[in-house]
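Structure record follows, encoded as structure tokens.
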Amino acid sequence: MTQLAETYACVPTAERGRGILISGSPKSNTILYTNGRSVIILNLDNPLDVSVYAEHAYPATVARFSPNGEWIASADVSGAVRIWGTRNEFVLKKEFKVLSGRIDDLQWSPDGMRIVACGEGKGKSFVRAFMDHSNFANCVRFSPDGSKFITVSSDKKGIIYDGKSAEKIGELSSEDGHKGSIYAVSWSPDGKQVLTVSADKSAKIWDISEDGNGKVKKTLTSPGSGGVEDMLVGCLWQNDHLVTVSLAGTISLFSATDLDKAPVLLSGHMKNVTSLVVLKNDPKVIVSCSYDGLIIKWIQGVGYSGRLQRKDNSQIKCLAAVEEEIVTSGFDNKIWRVPVHGDQCGDADSVDIGTQPKDLSLALLSPEIALVSTDSGVVILHGTKVVSTVNLGFTVTASAIAPDGMEAIIGGQDGKLHIYSITGDILKEEAVLEKHRGAVSVIRYSPDVSMFASGDLNREVVVWDRVSREVKLKNMLYHTARVNCLAWSPDSRMVATGSLDTCVIIYEVDKPASSRLTIKGAHLGGVYGLAFTDQYTVVSSGEDACVRVWRLTPQS
């Protein structure tokens, strides 16, 4: 059996000129936000307790709990609204096509019987227009008792209206006010205060007087680089939690009862996570990278542990790590070696190999040696020095180098595995193995180096005996789409595979492939990274921008 133990959630995403919509449960400290086609359900009391709803066919824009907390309404850019349950695998109750274009926001009626939505496209017209702002109105929120509502704008103002007559009754004071556009606002549960966030990178708590005017009580700031990505574009007052969200997706959790307490920071990836590794010297530390070049460090049982800031933020395709160094390859024809000191990256060295890398592996016993595959061959590196560039005469699709750096296995477009011995800068072909019926997509040596495993684009995985070069485990044909990644358990007894079909499959090498364990729907859009942290714990990543930790139940 497998059990989802932890999820390191993707973060909210904002489009240019728009804020981030987050909402809370009326019954708990659970919040909702969107990323891509997913709706993220995150428990503020335990940020590793995350669920993902992934049934929208188009990018989701907003999600809100019903007043009784039993249902969630979510909408997307196509104008569709889906109503689904918070239990029983998110059973769908109803789907509506509300607008012909994007839905920007929605809200339930107090009795939970109706939903109002706004956005782009044809729909019923408004009853009244308010022209009190001199720039874009970014957010409108009613107070909990409905007696007032507030609007905030890019003109740096907040205006408060009577909830019944819609007459203007007050404003947020300009004294100590925001210096930039105000993107979002949220009322306190008692309706006596509001929380605002702004492009000036600050959040402010305002006391709202009986006459409807607001005065700053406290200005909140979160640690950051001071760049544009630190602009605050979303907020929520959820019971004792004050939640703010930056343009980069970083979530800051402040305590409403202790405003001087440093915030808890939650962050993650915005884009699909293309690679992940577990540090051999500390298996509880997980490093993942996403397509946009972001590298994040996680600690199992803790979650987010910081971003590894590089001076060069180029996109990353492949990632490897040994002890205090990470090695990356991307789309700029370069291989980067980056020393890591805690949460900081040191000065990186790079080498341009003259063509785009397709795969990257390190000789773990001599990590200065790296094997990089390209379309037509391989490049052997020692540090950032090119030792050898070899044209192999066939289209290369995957590669792996043995821990001692003395052997390489190269997979081809034709499905063949070519085994080479390495002596200095010379590769000598020793054998060619033919079993795959599709292009080889991934190759990995077992930790004890007695075996290796390979996967292909035709959904098959094969485990090979390294000495005899015979198939050790066959009929591993249980994926329904291409195999993207695989990983070995530390004792070399199990192989985990990840596929475009969204599943992770775990095989025991000494048992028939039919006795496999399957994790269905591990990642929306496909699984792209896998690693074991110990014998019974698997970490996966995928196109849904999440990282997940799975516990395997030991078999008796």
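Every residue gets a Cβ built from N, Cα and C, even glycine.
Going by TrEMBL, these are the annotated features:
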type	residues	note
REPEAT	53-94	repeat 'WD'
REPEAT	130-171	repeat 'WD'
REPEAT	175-209	repeat 'WD'
REPEAT	433-465	repeat 'WD'
REPEAT	476-517	repeat 'WD'
REPEAT	520-556	repeat 'WD'
Beyond the flanks of the repeat 'WD' (130-171) by at least 6 residues, Cβ under 8 Å: 17, 19, 110, 177-187, 189-191, 194, 196, 198, 206, 208-209, 211-214
Helix, strand and coil residues within the repeat 'WD' (175-209) as assigned by DSSP: 0 helix, 19 strand, 16 coil
Summary of DSSP states over the repeat 'WD' (520-556), given as helix, strand and coil counts: 0 helix, 20 strand, 17 coil
Beyond the flanks of the repeat 'WD' (476-517) by 6 or more, those residues with Cβ under 8 Å of it: 1-2, 283, 438, 441-442, 444-448, 450-451, 453, 455-463, 523-532, 534-535, 538, 540, 542, 550, 552
Same-chain residues near the repeat 'WD' (175-209), Cβ under 8 Å, at least 6 residues beyond its ends: 19-20, 135-136, 138-139, 141-145, 147-148, 150, 152-158, 160, 215-222, 224, 226, 230-237, 239, 242, 244-246, 252, 254, 256, 259
Three-state composition of the repeat 'WD' (433-465), taking helix and strand from DSSP: 0 helix, 19 strand, 14 coil
